[in-house]
Amino acid sequence: MNKPELLGRWTKQKSEELYGIKNWGAGYFSISGDGEVMVNASKDDNTAAVSLMDIVSGVRERGLDMPVLLRFENLLDSQISFLNNSFNKAMKKLEYKGEYRGVYPVKVNQQQQVIEEVTKFGQRYHHGLEVGSKPELIAALSLMQDKEACLICNGYKDEEFIDLGLYAVKMGFKCFFVMENPSELDIILDRSKTLGIQPNIGIRIKLSAKAGGHWTDSGGDRSIFGLNVSQLIETVDRLKEKGMLDCLKLLHYHLGSQIPNIRDIRSAVLEATQVYAELVKEGAPMGYLDLGGGLAVDYDGSNTNYTCSRNYSVEEYCSDIVEAVMSVLDTSNVPHPVIVTESGRSTVAYYSVLLFNVLDVEKFEEYDIPEQLDDNASEQIKNLFDVHKSINLRNIQECYNDALYYRDEIRDMFKHGRINLRDRAFSEKIFWNTINQIAKEKKKIKKPLPDLEDLESAIADIYYCNFSVFQSIPDSWAIDQLFPIMPIHRLLELPKRNAVIADITCDCDGKIDRFIDIHDVRTTLPLHDMKNGDDYFLGAFLVGAYQETLGDLHNLFGDTNVVSVRINPDGTYDLVKEIQGDSVADVLSYVEFDPKDMVVRFRKTAEAAIRDGLIKTSDRREIMRAFESGLRGYTYYER
Ligand SMILES: *Cc1c(COP(=O)(O)O)cnc(C)c1O
């Protein structure tokens, strides 16, 4: 039935499957009929969408170059609605008598624009903010308008911090001080007495439950933050003593970020709700139960309890929490509190997409080597050649070991001057062809071969890309976190190459060689051949949480250009805000260079070169122009 030429035809469906976009995209990302990645304004089926390639050309026409970080307003808006609607639906269905009030933890992405949009889009749900430091509190106060929303103050608090929080209470904000340790109580009570303002006190507790995952050291008995049960009781007694127990209104815990397993979430809620009920029985007014963050993002789309995934949906998260709270409180006749969660990662992860171009490719190709060796070839090269000739399905492990052995021996001989550079180069060609051959045979074998696991990445192409891992996706380097990465166009073509990605820092850690997969972690990423001179663009997705402020200036690559995009209902888009990335002068001034002084010094160097007869006066003008325009330029590779 099938026409032979159609059999191998590559389709958008095949790209969807290969890159898993439907699994991790949460309805926000898809592939168009033209084979380009589309961003959808919401999760709804018929929502407006724009092609990332259209945005690339729009951004470039305006004079901004790659790499560029795009922030999609619509996705932030949609994620806030989704979380609030999911809690509200679960509460309605289970007949919960309290309410949900989400807060956004500022530390997850503190950019002014992000906080401003959270407060704007959050207003219809009274979605508030969580702060963990004085600068974050001050940032929050400058943007918060909604007096129904919560403002949760975690972290170490000095007098100044507490005074500001108390003034917020006086101005009508629902501002809570969450005690991280017992000694904070004195200073809170002292300042509130001095200023004559009643504080809203919350207590952070250590749970005995500890969850699995990357970032979960915040949970467990020995976690560094929060009060243990005896400190909790002591605090209650001290509040009673001072006649201030009526200020105790909130109980908080934070299990850690990215909790992949719903069972850990449930058991923490159950334990904390028991504590909550006890505090009510002690006579505290309470009213708020704050379950912290932890709602995970399914970065690899596998829907499992793997660290980069989660084995539950947002809807399940919400209904499991509501159900667990009710199951404890209804047996002890305690009224349902306002449930607060501090979801950061899941609120902002989808919002940002990093786009970058490929600068160059180092392809792995099979070398041209002769069928037979010269008789005068050295013994070791002959041995290596025999290994190459003898590879078959049964002996690949043995051939691999032998090839390594002979290659090392030849390298050793070279060190001792016993073979020349030309022969050594020839032997390396034989070696790499051998490895390539072994990798091909290995594909036919189903059983795992642990020694040969990294073979694919060893013979992968290297795609050199215009971005810095350290600046833009630091968690990929620091804690091996996986982010979905894929081409944003040419998705109707078969990607024939297997690649690893190198950034432009030239640091051996500046690479990505672990990629998402539903069943495992991939060591290479399928990419398209570079066509002569054509641009090729990749996107790193789900990078909105934690990456921006953790990024650093490794090799002095600075902030990338940032463009904020609003998708309109008719499928057009507006670039709402453009922030030019750091210039070379900017990043140098961060490390205490003074760009003006640098120009003066370099001018002197050029003047001296004139004196020494190395350059002409007119050269000096050209050289200074190049130096000064270099200072003004972007830190990344410019076209
Ligand atoms: C970091 C942090 C959060 C955010 O957690 P996510 O998993 O990103 O939602 C919430 N609360 C506290 C106290 C935190 O420290």
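Backbone N, Cα and C atoms are what each Cβ position is placed from, and that goes for glycine too.
Going by TrEMBL, these are the annotated features:
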type     : residues : note
DOMAIN   : 87-349   : domain 'Orn/DAP/Arg decarboxylase 2 N-terminal'
MOD_RES  : Lys107   : N6-(pyridoxal phosphate)lysine
DOMAIN   : 374-455  : domain 'Arginine decarboxylase helical bundle'
ACT_SITE : Cys506   : active site, proton donor
DOMAIN   : 584-637  : domain 'Arginine decarboxylase C-terminal helical'
Taken over the domain 'Orn/DAP/Arg decarboxylase 2 N-terminal' (87-349), the model's mean pLDDT: 94
Cα-to-Cα gap, Cys506 (active site, proton donor) vs Lys107 (N6-(pyridoxal phosphate)lysine), nearest whole Å: 30
Three-state composition of the domain 'Arginine decarboxylase C-terminal helical' (584-637), taking helix and strand from DSSP: 40 helix, 1 strand, 13 coil
